[in-house]
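If you check Swiss-Prot, you get these features:
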type	residues	note
BINDING	E9	Mg(2+) binding site
BINDING	H15, D167, G168, K169, S235, G236, R237, F238, D246, R252, K253, A269, K273, K277	ATP binding site
BINDING	E43	K(+) binding site
BINDING	E56, Q99, D246, K277	L-methionine binding site
Amino acid sequence: METFLFTSESVNEGHPDKLCDQISDAVLDACLAQDPESKVACETCSKTNMVMVFGEITTKADVDYEKIVRDTCRGIGFTSDDVGLDADNCKALVNIEQQSPDIAQGVHGHLSKRPEEIGAGDQGHMFGYATDETPELMPLTHVLATRLGARLTEVRKNGTCPWLRPDGKTQVTVEYYNDKGAMVPVRVHTVLISTQHDETVTNDEIAADLKEHVIKPVIPEKYLDEKTIFHLNPSGRFVIGGPHGDAGLTGRKIIIDTYGGWGAHGGGAFSGKDPTKVDRSGAYIVRQAAKSIVANGLARRCVVQVSYAIGVPEPLSVFVDTYGTGKIPDKEILKIVKETFDFRPGMIAINLDLKRGGNSRFLKTAAYGHFGRDDTDFTWEVVKPLKWDKVHA
């Protein structure tokens, strides 16, 4: 049996880039909670003792940006300089302007257009992916790397591993078998965890705790064997972390946010963007399409692409590739997809309820992945029934 290795990585909520994603989405939540028609393009950057929120926001909401910055940093665990940032004493800078009137008239006609008339907020192409290798219909490499990161945060916050600090990264390599285009995981080849820690803990203690409290609860035993390689804090020291260790910026972790390198990516980031930004809403609807194709038994694995022009409601193109795993020809699956899903941005926002903010709705997406999550707020994960002729397939 010929196999190959594939790797995906993830980062914790305390990684500086992810901190920025979460602040940008916390701002989006606050705007949409008060004004569902808010137009938000919110970027965040961070470095030692400083967080800056900047971008273009048109909203009727009364938003305290500085409070959002401090609350988000505090919630992650950045409560003192020695962990990488002090939420209550860092500099919080704000530079927000209104959305360009040129963009506003072309996209939503200064809020005068009906939902079906609303144009894409920009040009671009987005991809959705699904695979039958996990119950979530997501790649195993991505699922495991993401869960390891989430588990690191869990054992830090519940006190199981008190030496942990907020920043951290994970990476998982899986050995796969290609079954006529479908991906079949055979075993976990390598597990890599680099986590921020305090001064008190030894490298041996770090390795033992990570194996017992993080890896063991996350990675199914059937995938681990005596040949599995573990790199646990291989640099030997990771005390300085968060924005103190590295600068952070919104939109720097787009592969972690999606499919861990599987499928494809159009390059657009998600966080801090309202649903007229097709970087986000377009990617969400094609995930729903790809997931529905696999869940309905039309294929074992597939990628769906959609593309847009600024100001134009209808997509320029829709593409489906099932990697040879389709039960019927891809062109027939494409026809079903076009009949089932409405790719116009205004309709995506309605059908996926993307104008509803608050209650950390989008903040939740900004760490540990936008896809494959079991949460009713992740409306794009709902499988739609697809009508096709199984008898003659």
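Cβ coordinates come from backbone N, Cα and C, glycine included.
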Subject >> Entry from the binding-site residues list E43, E56 having the most other CB atoms no farther than 10 A >> reply: E43
Original post:
Which of the binding-site residues E9, E56, K277 has its Cα closest in space to the Cα of H15 (ATP binding site)?
Top reply: E9
**OP:** Take the C-alpha atoms of R237 (ATP binding site) and Q99 (L-methionine binding site) and report the distance between them in angstrom, rounded.
**Re:** 44
Subject >> From binding-site residues E9, E43, G168, S235, the one whose Cα lies nearest E56 (L-methionine binding site) >> reply: E43
Original post:
So which of the binding-site residues is most packed in, judged by how many other Cβ atoms lie within 10 Å of its Cβ, out of E9, D246?
Top reply: E9
Original post:
What subset of the binding-site residues Q99, G168, S235, D246, K253 lies within 10 angstroms of E43 (K(+) binding site), using C-alpha positions?
Top reply: none
Original post:
Which residues, sitting 6 or more apart from K253 (ATP binding site) on the same chain, put a CB under 8 Å from its CB?
Top reply: V11, H15, D17, K18, D21
Original post:
Just counting, how many other CB atoms are there within 10 A of the CB of H15 (ATP binding site)?
Top reply: 29
Subject >> Whole-number Å value for how far K273 (ATP binding site) lies from Q99 (L-methionine binding site) (Cα to Cα) >> reply: 12
Original post:
How many neighbouring Cβ atoms, not counting its own, are there within 10 Å of the Cβ of Q99 (L-methionine binding site)?
Top reply: 22
Original post:
Around R237 (ATP binding site), how many other CB atoms lie within 10 A of its CB?
Top reply: 9
Original post:
Per 10 Å Cβ neighbour count, which of the binding-site residues K273, K277 ranks highest?
Top reply: K273
Original post:
Residues with Cβ closer than 8 Å to the Cβ of S235 (ATP binding site), same chain and 6+ apart in sequence?
Top reply: S194
Subject >> Cβ neighbours within the same chain of G168 (ATP binding site) - under 8 Å, at least six residues apart >> reply: V11, N12, G14, H15, G149, L152, T153, I193, S194, T195, Q196, G241
